[in-house]
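What Swiss-Prot says about this protein:
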type     : residues           : note
BINDING  : C18, C21, C74, C77 : Zn(2+) binding site
COMPBIAS : 151-161            : compositional bias 'Low complexity'
DOMAIN   : 14-111             : domain 'Yippee'
REGION   : 117-161            : region 'Disordered'
Amino acid sequence: MGRQFAGICGARGSLYGCVVCNTYLTCSKELTSKAFTGSTGPATLFKRAWNVVYGRCEHRKMTTGWHTVRDVFCVTCNQKLGWMYEMAVSESQTYKETQVIIENANFEKIAGAIKDPLGEDRQEAPPAPNLEMSRYPLEAEKKSRPQYRTVSVSSSSSAEC
């Protein structure tokens, strides 16, 4: 397997990271509910999480019934964070499918430690390109280029090669 890259994918609002290594996991815009309980105490349900690896599918009996879940681990430090719901047996619990539970003891708020790599958190407009400079070379560039001799070929005379 190639080298793993930990990054930020469309972060909006407050950022949350692994409590052990501070790797970005998700953001507040992905939050579905804080009213969950994990094996270590309170847990939070998120729509998506990044920089995680998933364990094998298992069938588990939970407080809301049987679910098919995968454990979720931090990609950097391999800390167990929680689990992802693959499938719910009960029709009333299907809203959890493909969402991730992260236990509150395993993540923390990251306060301004990570910038948005897409630059969408910038407030000012990007500078306008200087088209005049890009179309015409500078005098110094003209002198440093090799000069080629142009030969015009007319249709009436024979062309020399």
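Cβ atoms here come from the backbone N, Cα and C positions, even for glycine.
These figures come from a predicted structure and were not determined experimentally.
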Query: Which of C74, C77 has the fewest nearby Cβ atoms, counting only those within 10 Å, among these binding-site residues?
result: C77
Other same-chain residues whose Cβ falls within 8 Å of the Cβ centroid of C18, C21, C74, C77, the recorded Zn(2+) site, in sequence order: G17, V19, V20, N22, T23, V75, T76, N78, Q79
Message: Could you give me three numbers for the domain 'Yippee' (14-111), the DSSP helix, strand and coil residue counts?
response: 12 helix, 58 strand, 28 coil
